[in-house]
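Peer 1: Quick one: the structure is below, questions incoming.
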């Protein structure tokens, strides 16, 4: 099983190596066990013996599969892909044999709750339930999409003959540092052309096969199977309630950042009260916004701390960064990394081969081999990532004594949360000073510094919340059929507009496939775990800070945001006890072991950011910002030919009416009521500004800056699904 960090800059995710729950080789199991179970007056004794042998063989073959997966991920060759698929197919055949044996036991009637729990976990076969030829097809589809994503290249905006720009490090660096809106637009569009667009047909077939596998496991569709590890029928309702608690904070942050972007790029690029163009937020997916902090921080005279220069000046290497992370865990009375970790991990991008660069932590299921694969840059972001990834390894080390079926987080969000809890301490100015990476230079306004620090944290943590939520909202609806293949892309952008207040920099069509420009979509990695982790990490942080004596809700000198648990064995021991459980207990019990509560709760996050929230409300009121956003200036239609027709005024009005009618049907008349007749002259006015004879850009030309034009049906609230607007000059490539 691997834990892959999401693309640059944010927390990580679990990639099921083969299926939801992987069962091992059982050909060595004694067939007499089933007969014994049938006639034994104590069938639970036979069941325990069966599980003991199954657990051993599961570990052996998960190790074999993990080695094949590692070989491919660290060297993307056809040979390694072929070998990985061969091993997957072989193990899948044994999975099915194991599953048939497992379900013959009357495990639902067992008195021992631990025995029932293990059997329940083993009774979900996952994708291996498919017939062998279909399982092989599903594996190939996912591998092909991952390969397209990992090897995609685009051309340089300023030099169209230089076409070797990869996502990491080239486009990551470009999105981080460039302030040229045209260059950013070009990178945004071309990356999606090189990655997502090429995966659309593959993804449609992947959805169909995934749902077949889910049905064979007695789930209605794959979304239901993905949610099974959360062990709560109302889980979607719980997540929705959490988002509603967090939405006001996000909307205040959005309104403030939109104003700063408008000051940076002008109203032609960023409207006063609409969604934010996705290419201007410093990251390929607009999931975190930390790279706009240098011109948007509240206190310009007190910039947020950046220790990247200090890391370079002090001669840090990727290896030294990971040694620093190890020392943090040792200070908490946790485990040092085993020798094999240092021997077999890949901590820098190799120059001689293509690899999957997303930072990832690996458990090889032999209780001794644990690795990280990360294309580490010597900068602050990757220093935090190193601590995060090592948090996953620490989890592996703490539950390695558990049966294989329990060697996972209490729920999928726990693994992510543990890594990020460490980063919450490591990122504090207090900790950075303690390890010699941050020096005080001259007088410092502590209030301004604290505000800027919280703002930087919010750009990473708060900005990410709606993205982490909507990713799987979209996929759940894809899997259950609510979103059909002919509306994949446009529904994606409606969700991004509705929840994030984000719009694409150019018009989009269903010939594009923008969800597929994100690793987790093409690699079949469920994403709601990140939303969960961003909530519970602050619950963990608050509890551990209380344990360490670093936070006191009644002492303004000990705020939660300033807490650093470094060196606290009391906090470390409390966390370690929870990590050692793995998934052997229901996750509410694991949560309670650290926090004292059995429910996910957003209050920890809201407490952490309360000073920033109060400041944002006052600042947005002072400048008269609209908190929320109106409709997008961008259209999303079926084809690029249709975009061509939208350049004609009559068609623009027809398209707008069609969109209103469509949304009206979906929303029970709300849009029709909002789309008053007086909106039509606005559409005509926008259409009149179009130059009909304007030529489309050449296929190899840089993407032009769009003219500010746009009209859509009015919307009264952010929660509305907003009608995409027809626009004048559009990018048609």
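Placed from the backbone N, Cα and C atoms, the Cβ positions cover glycine too.
Curation does not apply to TrEMBL; its annotations are automatic.
Quick paste of what TrEMBL says about this protein:
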ACT_SITE  389  active site, proton acceptor 1
ACT_SITE  389  active site, proton acceptor 2
ACT_SITE  520  active site, proton donor 1
BINDING   388, 392, 416  Zn(2+) 2 binding site
DISULFID  155-163  disulfide bond
DISULFID  357-375  disulfide bond
DISULFID  545-563  disulfide bond
CARBOHYD  75  N-linked glycosylation site
CARBOHYD  159  N-linked glycosylation site
CARBOHYD  159  N-linked glycosylation site
REGION    694-733  region 'Disordered'
SIGNAL    1-28  signal peptide
Peer 1: Which residues in the same chain, at least 6 apart in sequence, have a Cβ under 8 Å from the Cβ of residue 159 (N-linked glycosylation site)?
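Peer 2: Correct list: empty, so none.
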Peer 1: How many Å separate the Cα atoms of residue 392 (Zn(2+) 2 binding site) and residue 375 (disulfide bond)?
Peer 2: 17
Peer 1: If I take the Cα of residue 357 (disulfide bond) as reference, which of the recorded positions 388, 389, 416 has the closest Cα?
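Peer 2: For residue 357 (disulfide bond), the closest Cα among 388, 389, 416 is found at 389.
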Peer 1: Let me know how many other Cβ atoms fall within 10 Å of the Cβ of residue 155 (disulfide bond).
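Peer 2: The answer is 18.
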Peer 1: What same-chain residues, at least 6 away in sequence, bring their CB to under 8 Å of the CB of residue 163 (disulfide bond)?
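Peer 2: Long-range Cβ contacts: 153, 154, 155, 156.
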Peer 1: Looking only at C-alpha atoms, tell me how far residue 75 (N-linked glycosylation site) is from residue 388 (Zn(2+) 2 binding site), rounded to the nearest Å.
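Peer 2: Rounded to a whole number, the Cα-Cα distance is 24 Å.
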Peer 1: Tell me which of the recorded positions 375, 520, 545, 563 ends up closest to residue 388 (Zn(2+) 2 binding site) in space, Cα to Cα.
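Peer 2: It is 375, whose Cα lies nearest.
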Peer 1: Can you give me the Cα-Cα distance between residue 416 (Zn(2+) 2 binding site) and residue 389 (active site, proton acceptor 1) in Å, rounded to a whole number?
Peer 2: 9
Peer 1: Could you state the whole-number distance in Å separating the C-alpha atoms of the residue listed as 'active site, proton donor 1' and the residue listed as 'active site, proton acceptor 1'?
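Peer 2: Cα of the residue listed as 'active site, proton donor 1' to Cα of the residue listed as 'active site, proton acceptor 1' measures 17 Å after rounding.
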